[in-house]
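What follows is a set of notes on a single structure, which appears directly below.
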Amino acid sequence: MKSILDFNRARQAGRPIVMVTAYDAAMARLVAVSEADVILVGDSAAMVVHGLPSTVHATLDMMVMHTAAVRRGAPEHVIVADLPFLSFRQGREVAVRAAGALLQAGATAVKLEGVTGHEDVIAHLVGSGIPVMGHLGLTPQSVNQLGGYRLQGRSEAEAARLRAEAGRLEELGAFSLVLECVPAALAAEITASLAITTIGIGAGNGTSGQVLVLNDLLGLDAGFRPRFARRYLDGHAAILTALNDYARDVRGARFPAREEVLA
Ligand code: KIV
Ligand code: NA
């Protein structure tokens, strides 16, 4: 995808939107030549790249650096970058500065979690020409308040709140929104009620598209296997085999071979 207009074009054409995260130029180059549509520089970078315990630990500097690297690897793609923890909760000025830094680093759009309490910021960003993607349901930056990573919108009261928040995001001018870990029927209902697109993760197949964390899709972490994140590669085993083959070849004097020696 070349612009945010392609989100609604895809939906109108009945083509599910394929989104995947990337954090560095090498992986962005691979995604860019793949059939995936959109790259998300998620604040999941804090966890999967930096080994931090939650996305609460993502910083603006971190997100700017990853966004710039991904843009260098994928010069033509739509890139959505996460606004990090609290950067959109300290008023319009701080939010605009943070979003501006992400756009100048190469993002096409920013994503932020939740809506209640920062409606003015969302409207102001959109009014400033910064495309905003919402993120509802399981919003990981609020993990301490949610009490863990679990399905959201199960009770009728929670479902009603999610419906209302999705409608509010559309009113405020968001061009799309992520629905994370919500019941499939609710995600489908919200999608049908909106004119903007929804991108699901752990939200069934009634959304306008799907997003996966690249490290999960590639199976890089042997110990992290949420049910909703399909593994398309056992990357952990594949990389471990390569590393051990290398170690054994060095110790067995099989690497470097004659043709690998520079004369
Ligand atoms: O940070 C991230 O990777 C995300 C996706 C899981 C939607 O926000
Ligand atoms: Na995120």
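Even glycines carry a Cβ here, placed using N, Cα and C.
Now, the feature entries from TrEMBL:
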- Asp43, Asp82, Glu113: Mg(2+) binding site (BINDING)
- Asp43, Ser44, Asp82, Lys111: 3-methyl-2-oxobutanoate binding site (BINDING)
- Glu180: active site, proton acceptor (ACT_SITE)
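Features recorded in TrEMBL, as mapped to the structure shown.
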residue	record	Cβ contacts under 8 Å, 6 or more apart
Asp43	Mg(2+) binding site	Thr55, Ala58, Met63, Asp82, Pro84, Phe85, Pro140, Gln141
Ser44	3-methyl-2-oxobutanoate binding site	Thr21, Thr55, Pro140, Val213
Lys111	3-methyl-2-oxobutanoate binding site	Leu40, Gly42, Val80, Ala81, Asp82, Leu83, Val132, Met133, Gly134, His135, Val178
Glu113	Mg(2+) binding site	Gly134, His135, Leu136, Thr139, Pro140, Gln141, Ser142
Glu180	active site, proton acceptor	His135, Leu136, Gly137, Leu138, Thr139, Pro140, Gln152, Gly200, Ile201, Gly202, Ala203
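When the record's 3-methyl-2-oxobutanoate-binding residues Asp43, Ser44, Asp82, Lys111 are compared pairwise by CA position, the greatest distance found is 12 Å.
Only Asp43, Ser44 of the binding-site residues listed as Asp43, Ser44, Glu113 bring a Cβ under 6 Å of any atom of ligand 1; the order follows the sequence. Taking the centre of the Cβ atoms of Asp43, Asp82, Glu113 as the Mg(2+) site, the nearby residues of that chain (Cβ within 8 Å, site residues left out) are Gly42, Thr55, Ala58, Leu83, Pro84, Phe85, Lys111, Leu112, His135, Pro140, Gln141. DSSP gives Asp43 (Mg(2+) binding site) a coil state; it is part of no helix or strand. In this structure, Asp43, Asp82 are the recorded positions from Asp43, Asp82, Glu113, Glu180 whose C-beta falls under 6 Å of some atom of ligand 2. In the shown protein chains, 30 other C-beta atoms lie within 10 A of the C-beta of Asp82 (Mg(2+) binding site).
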